[in-house]
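Asker: The structure under discussion is supplied below as structure tokens; questions concerning it will follow.
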Amino acid sequence: MATYKVTLVNAAEGLNTTIDVADDTYILDAAEEQGIDLPYSCRAGACSTCAGKVVSGTVDQSDQSFLDDDQIAAGFVLTCVAYPTSDVTIETHKEEDLY
């Protein structure tokens, strides 16, 4: 099992934190375990409440069903169903930017 450094950033929220996340753990779940309060609703990859944007690195979010190909290509990620596949930096609280 690999573990990656996941950096969660959001200037408006005063968030700039790096956590260790195993490659079989959803980023949202790992953040919660570390006491980081990120937005979420369905926890199933079927809405956009937890949306973030990948700044660098890669994730596996094959369990998601909400984002379209263009949104994924633009770097959007649903943190509730995203596993890290490398060290990754994600801007959080990006739901409004999807629309």
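Each residue, glycine too, has its Cβ placed from N, Cα and C.
This is the feature table in Swiss-Prot:
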- Cys42, Cys47, Cys50, Cys80: [2Fe-2S] cluster binding site (BINDING)
- 4-96: domain '2Fe-2S ferredoxin-type' (DOMAIN)
Asker: Out of Cys42, Cys47, Cys50, Cys80, which of these binding-site residues shows the lowest number of other CB atoms within 10 Å of its CB?
Answerer: Cys42
Asker: Restricting to the domain '2Fe-2S ferredoxin-type' (4-96), report the mean pLDDT as a whole number.
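Answerer: The answer is 98, the mean pLDDT of the model over that range.
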Asker: Write out how many residues of the domain '2Fe-2S ferredoxin-type' (4-96) are helix, how many strand and how many coil, based on DSSP.
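Answerer: Helix/strand/coil tally for the domain '2Fe-2S ferredoxin-type' (4-96): 17 helix, 32 strand, 44 coil.
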